[in-house]
Amino acid sequence: MLLDGTLIQLLFLLGFMVFMVMLFQRAHIPASIAYLLVGVLLGAHTAGPVISEGYIHKIAEFGIVFLLFTIGLRFSWQQIYQLRHTILGLGTAQVGLTTLLVALLLWAMGVASVVAFVIGAVFAQSSTTIISKQLLEQGEDQSRHGRLGISLSVFQDITAVPFIIVIPVLGVAMAQDIASTLGMALFKAVLATALVVLVGRYLLRHLFHRVSSSDSAELFTLTVLLVCLAAAWLTQSLGLSMAFGAFLAGMVMGETEFKLQVEAAIRPFRDVLLGIFFVSIGMLLDPMLLPEIGHIALAGALLLLLIKIVLVTALVLATGVALETAFRTGLILAVGGEFGFALLALALEGGTLDSRSSQIILTSVLLSMMLAVFLIRYNLQLSRFVVGRWIGQAAVSSEPFDDIEQHGLQQHVVIAGFGRIGQGVAQFLQKEQVPYIGLDLDAARVKNARLADVPVFYADSTDPDTLIAVGLAKARLLVISHEDLSAALTTLRHARTLHPDLPVIVRTRDESHVAELRQAGATEVIPETIEAGMMLTSHVLLMLNVPARRVNQLVQEQRINRYQLLRQQFRGSADLLKTQQQEQLKAVLLAEGSPAIDQSLQMLDLAQYGIQLTELVRAHNRIEQPSLDMVLQENDVLVLFGSAEALEQASLVLTHRLAAD
């Protein structure tokens, strides 16, 4: 039953996606599997409600575009250059050998050579979408095996271009035409890369400096979308995939100080559209054929996983990489790829494959995707079990993984807010050779600091993705030096969610929000004005010849007591606009007729009003912390500490104004 109306279809699709994802998350099953199942249930091959596939597939393509853009942000040209031999050598060998092995195996089983070649090409692809999304979620995208897996899968996406050109002309016996077509595709890829890199490096940084200086989040997001889609359009106009252009644009942006904020801006679009992409893949499957072809498809999926795990492990191991890392890379790349679906569609359209064969291959690839999600998620446990059990514990690599630690993001300090205070902290950390990363949203400040090779990024610390990207899970300490209380609280709450045990020091302007910040999870709160007062007091005492040891002792006592003495202040008329809940000092004179005269402090029970008696002044003598049995006399002055509201109430009682009213 085809649902009528685009809006109705979209609402039904989104509602079903929300329901299935919630259901699968309760069972701790990846959301991508839920999306695939949604596609199967809402596709044209089932008896239930049917969503039109036309516009779904068009929308879904942008999911891959934004994903490749995000991947590009995390892969600088320097990283690609360092891995050039590994990527080109391993990538070519993996794609070529997988295609050849599968084709030879199927040909030996009686499958036509052309069909065997197509199936081999399909099986050679790996899903960059699943691999990168899963590794990003697990925080393994910058590990040694993660970078190898993503790099090789992106290379496979590039090799899909010649396959897309070759498959439609397999029936043509003119090798010269095929060679010229492939040569033209390579030329276009080089041209697109040159255009995006040259234009991007000279224009994008200046463009984003202007945009970020406007302090408009909407303008920043619009600019990110413009850059991503413009690069995608460029490569599409040259006959290449949109995803390839987005990847190039991402790599250019990844070399700027804006990359963390760019990734945060693109993420909502990426996640939603990727979900729709997986739905579109599920729509291709005909579940009615499963009883007939299920066993063949399952065998194909297992064959695909086995061949790729063994082959990739052997190839990576041959480059000198540790066995455990090689096996983990093999597990990651075992998954079938979405570009394989494009090859299937071309082969089906050109008559190379019949409908039944395409359904078998499609089902095999989908099954491999479902299984590979779990292989990727548990790649560490599986590699240590298999390598340690079958080959021996000595073969398991003991070297640290090439992840956050080897990028300077291990036991580091994250400074949220790189203004005057944040930079002061950074300078002392630099002197002590403590690694740190600064985050700030002042584009000019970030630009100047980066010119001096200071590790600061234009990024919003209130975005949890930013905190994840700077390795908060591996950090030693978080310093929040925002002047804006809202930004400080938001950053603090996200940090506590991501890393409950991380020590967090928060700077605040004064003592008025200390309690709120502590309640939100701050380990220490440093009121700027109070610390300045303590420093001034220290100099005063030293100039009065008070021993330095005694001065340090007094300062430390105040810090241990959470600045209790310095928080006890008398408020003036300029403080009337302060919140009534802010604690302060107030002196109350017990004049003639006060009901407090001739009563002991214990009988008076000032604590019931939520206030504290700090001292009593009698005949110009100051008595600090008087005993509870002391009896009050006329003309005594009580120095009280508490909120303005509580002090006012106590003052009315002590001066008998309530009785007078």
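Backbone N, Cα and C atoms are what each Cβ position is placed from, and that goes for glycine too.
Copied over from Swiss-Prot:
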type	residues	note
DOMAIN	410-527	domain 'RCK N-terminal'
DOMAIN	571-656	domain 'RCK C-terminal'
TRANSMEM	5-25	transmembrane segment
TRANSMEM	31-51	transmembrane segment
TRANSMEM	53-73	transmembrane segment
TRANSMEM	100-120	transmembrane segment
TRANSMEM	154-174	transmembrane segment
TRANSMEM	178-198	transmembrane segment
TRANSMEM	224-244	transmembrane segment
TRANSMEM	273-293	transmembrane segment
TRANSMEM	296-316	transmembrane segment
TRANSMEM	330-350	transmembrane segment
TRANSMEM	360-380	transmembrane segment
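Among the listed stretches 5-25, 224-244, 273-293, 360-380, the one sharing the most Cβ pairs under 8 Å with the transmembrane segment (53-73) is 273-293. Here the transmembrane segment (100-120) sits against the transmembrane segment (296-316); at least 3 CB pairs are under 8 Å, leaving out pairs fewer than 6 apart in sequence. Distant neighbours of the transmembrane segment (5-25): 31, 33-35, 37-38, 41-42, 49, 51-52, 55-56, 275-276, 279; these residues of the same chain sit at least 6 beyond its ends, with a Cβ under 8 Å from one of its Cβ atoms. Long-range contacts of the transmembrane segment (360-380) within the same chain: residues 30, 32-33, 36, 119, 122-123, 127, 130-131, 134-135, 138, 140, 145, 281-282, 284-285, 289-290, 293-294, 296-298, 300-301, 303-305, 328, 331-332, 334-337, 340-341, 344, 353, each at least 6 residues beyond the stretch ends and with a Cβ under 8 Å from a Cβ of the stretch. Only residues 6 or more beyond the boundaries of the transmembrane segment (31-51), in the same chain, are considered here, and those with a CB under 8 A from a CB of the stretch are 1-3, 9, 12-13, 16-17, 20-21, 23-25, 130, 133-134, 275-288, 366, 369-370, 373.
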